[in-house]
Amino acid sequence: MTPATHQPSAAGQVHARVEIDLGERSYPILIGSSLLDDPATWSGLPKAASALIVTNETVGPLYAARLQQALRPHYPQVHVLSLPDGEAYKTWDSLNLIFDALLSRGCDRKTVLFALGGGVVGDMTGFAAACYMRGVPFVQVPTTLLAQVDSSVGGKTAINHPLGKNMIGAFYQPVRVVCDLDTLQTLPERELSAGLAEVIKYGPIHDLAFLDWIEANLPALRAREPKALAYAVQRSCEIKAEVVGQDEREAGLRAILNFGHTFGHAIEAGLGYGEWLHGEGVGCGMVMAARLSQRLGLLAEDKVERLVRLVDAAGLPVRGPQLKAGHGEDCADLPNAQRYLQLMRVDKKAEAGEIKFVLVEDAGRAVVRGAPDALVAEVIDACCA
Ligand SMILES: NC(=O)c1ccc[n+]([C@@H]2O[C@H](COP(=O)([O-])OP(=O)(O)OC[C@H]3O[C@@H](n4cnc5c(N)ncnc54)[C@H](O)[C@@H]3O)[C@@H](O)[C@H]2O)c1
Ligand SMILES: O=C(O)C(=O)C[C@@H](O)[C@H](O)[C@H](O)COP(=O)(O)O
Ligand SMILES: [Zn+2]
């Protein structure tokens, strides 16, 4: 029954539905407008006595009450938890705030978690869902471009460690992803650009026709034209679904989604989380990885310059920063390139201390392989301000 307080809301319009095919862990990604407020969006989810919306102090005031209202016909209790905002809070302390909320509100092993926010909220809520009572269902409700095109899909959940990004986490799939494109209209411009980095990423690793489309439609994307955003989210999710469907736990292929991340994660950790946005690290990291690909004879110079122009036009940095020194004796007075190398050795793709890079080839394919430290250091020096 509709509660007395329920206001009539616009009917949601699903523009595209992308399936992620993982056997019994399969789920749909719904992409559309006015989805958040429409109770019909939330039909067919696991039944429970309670739901918990996890959001943050920025997104909560914008959207939490609307989601809570739309969920009320489905769950007798709909709780809301607001976390502090920012990459610096992707920590154990924030994770514990989620567990505190779940336990203090009597949530049981059927409680459904809703991650309402960007990738930080999504990664932490997913990790909390994987752990609470050894696993409760969760739904991704991404509200940044980055989260709609990437982080809400595929089940990587994590928190950061001061020594490395996303170092503590789990693979744990959501039961549904709902991308309401309308939420992107309130996103700060810097965050929109950060999301474009992950959109651009899909071109060189998998789909050069999509890269052409992004180039042609970049002004429309930056102007937030709904049709352009809808296609960017849809095509990105299709590519990610295809890759994750073949390699859920990154035994091999999935690592291509890490293009730009080996350098990018070093920048994020090396400057202190939140100084550069994740998407900014990825944008600049793709430039570095492309230059390394060129030095290894995999990518032609004009293709590198094309990528640099696109990353720049998306409003992202194309020159790397000087990183801060780490703590401890082995960190003092390290030259910048050595500090990058030190941080990259912690990367999850590294094997027996050998850093693995996602490199790109002219044909629009990615390869994952090592490279000599001296060459990597030369590329870093050439790329850094
Ligand atoms: N799990 C994965 O596969 C995956 C993939 C890519 C990135 N990530 C992770 O995602 C994180 C980055 O995500 P992000 O770029 O979404 O950052 P974020 O979660 O920090 O969100 C960016 C900012 O935008 C605000 N915001 C969110 N939605 C808004 C809206 N609609 N209107 C106004 N403000 C809004 C947030 O409060 C925040 O200040 C990183 O931690 C990264 O490691 C994970
Ligand atoms: O889904 C993946 O796989 C990715 O690599 C997507 C990346 O954009 C994302 O930043 C991811 O969290 C990085 O994974 P990590 O394993 O390097 O932490
Ligand atoms: Zn990423």
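Positions of Cβ are set from backbone N, Cα and C atoms, glycine also.
According to TrEMBL, the feature NAD(+) binding site maps to 85-90, 119-123, 143-144, Lys156, Lys165, 183-186. Non-local neighbourhood of Thr144 (NAD(+) binding site): Gly117, Gly118, Gly119, Leu184, Leu187, Glu191, Ala194, Gly195, each in the same chain, at least six residues away, with C-beta under 8 Å from its C-beta.
DSSP assigns His261 (Zn(2+) binding site) to a helical segment in the three-state reduction. His261 (Zn(2+) binding site) counts 26 other C-beta atoms within 10 Å of its own C-beta, drawing on all protein chains shown. Among the features that TrEMBL reports, Zn(2+) binding site is placed at Glu198, His261, His278.
Under the heading domain '3-dehydroquinate synthase N-terminal', TrEMBL lists 82-193.
Annotation source TrEMBL lists domain '3-dehydroquinate synthase C-terminal' at 195-349.
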Query = So what's the average pLDDT for the domain '3-dehydroquinate synthase N-terminal' (82-193)?
reply = 98
Task = List those of the binding-site residues Asp85, Gly122, Thr144, Thr183, His261 whose Cβ lies under 6 Å from any atom of ligand 2, in sequence order, or write none if there are none.
result = His261
Ask   = What is the nearest of the binding-site residues Glu198, His261, His278 to Asp85 (NAD(+) binding site), using the Cα of each?
value = His278
Message = By the count of other Cβ atoms within 10 Å, pick out the sparsest of the binding-site residues Asp85, Glu198.
response = Asp85
